[in-house]
Amino acid sequence: MSLAVVFLLGFLAVSHGQQAGTETEEYHLPLTWERDGSSVSASVVIDSNWRWTHSTEDTTNCYDGNEWDSTLCPDADTCTENCAIDGVDQGTWGDTYGITASGSKLTLSFVTEGEYSTDIGSRVFLMADDDNYEIFNLLDKEFSFDVDASNLPCGLNGALYFVSMDEDGGTSKYSTNTAGAKYGTGYCDAQCPHDMKFIAGKANSDGWTPSDNDQNAGTGEMGACCHEMDIWEANSQAQSYTAHVCSVDGYTPCTGTDCGDNGDDRYKGVCDKDGCDYAAYRLGQHDFYGEGGTVDSGSTLTVITQFITGGGGLNEIRRIYQQGGQTIQNAAVNFPGDVDPYDSITEDFCVDIKRYFGDTNDFDAKGGMSGMSNALKKGMVLVMSLWDDHYANMLWLDATYPVDSTEPGALRGPCSTDSGDPADVEANFPGSTVTFSNIKIGPIQSYD
């Protein structure tokens, strides 16, 4: 998930490689959540990709705009040695990143104009302690949270999801990474993102290509791949939950074909980029979610996801909603030729939705529900983010995509195919926000 931030002032540091600078003391934003009925006092850390990347010797920017400094970074090894990331203090959370928290409530703002910076979107991870991410084991568990997506227009995505990041952010694997989870290192997902400034403890500067439509981002030769369980990708118009699997275990750097980049290599990589998705609008239930819908995006709602095994491996990912004192079962769908409707993600559902929509079943090819089960058993890190889409304008979530298609499954939401241009949403909807709260994990409950 590609997000962007630009800073106009650097910080002083005295470290080498993907290590933490010492000028600014790191502060993690407090956030409470609930495990098995007991409150947990925890915190979140901001992704290292949002941090200032600068020379270890002075305040010279290693990364400026969407390019690496050619003197400090003539090659990746030299860049890794010359450049460092720095801490985020308490005031920077709100003033620079537009992120605030109170109790169990976390609010992410879209565009934040700080004294020295303009921040676009954000991505944070839940911590277990100062140096490690919280690892969630979701099999035979129920995960729930409240979300207010009412202030997210077409083209934005307020997401909550799990990925197979390393608990320590990669410090035990990569000797050049000593910043670790404390500084938000080690992000990965099933898209094998190339926009990470550091991957596997090394600067991703080799082959770096600045984006032609994002003044803050670019792509390097390396990508960072891992399993991804999208619990919630949504704005006020559309939503989905999606399982993505990979043929590799855990955090895996990639290059070349293994990254499965868009185009001819998309299905040749190590991860399933399409995923097996359950999206009510795409499945024909156009009145189920949205402003004034059965699940009304105009007010806060509770999202419940159950990971059911039946005593074995994962066999069902079930979705339930609560709003206004009512329990709302997930929208059901019938595919032609099926006797019984589906209302959850199962192996059979994934086969049938790919068949009906004519999509490549890369989910099955990369491991299917068994692969997802293995990833959940090993544990995953919780991510919350707000972003716009410089590749496809978020049309895959809330509009018709591909834009000229009339085939089943192309209609994914009510938004116009002209919507979602990042330049437009950043200029016209800078005050957009998403709020997550009341995060809980516990035994599976009955909601009949």
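Each residue, glycine too, has its Cβ placed from N, Cα and C.
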Out of Q18, Q237, Q329, report back the residue that Swiss-Prot marks as pyrrolidone carboxylic acid.
Q18
If Swiss-Prot says Y97, D119, I120, K197, D230, I231, W232, E233, H244, R266, D274, W396 bind substrate, which of R355, R412 does it name for the same site?
R412
Disulfide-wise, see what Swiss-Prot says C225 is paired with, picking from C192, C259.
C192
According to Swiss-Prot, which residue among C79, C83 is joined to C73 by a disulfide bond?
C79
According to Swiss-Prot, the disulfide involving C271 connects it to which residue among C226, C246, C254, C259?
C246
Nearest of the recorded positions to E228 (active site, nucleophile) by CA-CA distance, picking from Q18, C73, C79, C192, C254?
C192
Listed disulfide-bonded residues C79, C226, C254, C271, filtered to Cα within 10 Å of C192 (disulfide bond):
C226, C254, C271
Most distant Cα pair in Å, residues Y97, D119, I120, K197, D230, I231, W232, E233, H244, R266, D274, W396, R412 binding substrate:
33
Taking each of Q18, C79, C188, C225 in turn, which of these recorded positions have a Cα lying within 10 angstroms of the Cα of Y97 (substrate binding site)?
none
Excluding near sequence neighbours, so keeping only residues 6 or more apart in the same chain, what lies with its CB under 8 A of C154 (disulfide bond)?
N235, Q237, M394, D398, A399, G413, C415, S416, S419, G420, V425
For C73 (disulfide bond), which residues of its chain lie six or more apart in sequence with Cβ-Cβ distance below 8 Å?
C62, C79, N82, C83, A203, S205
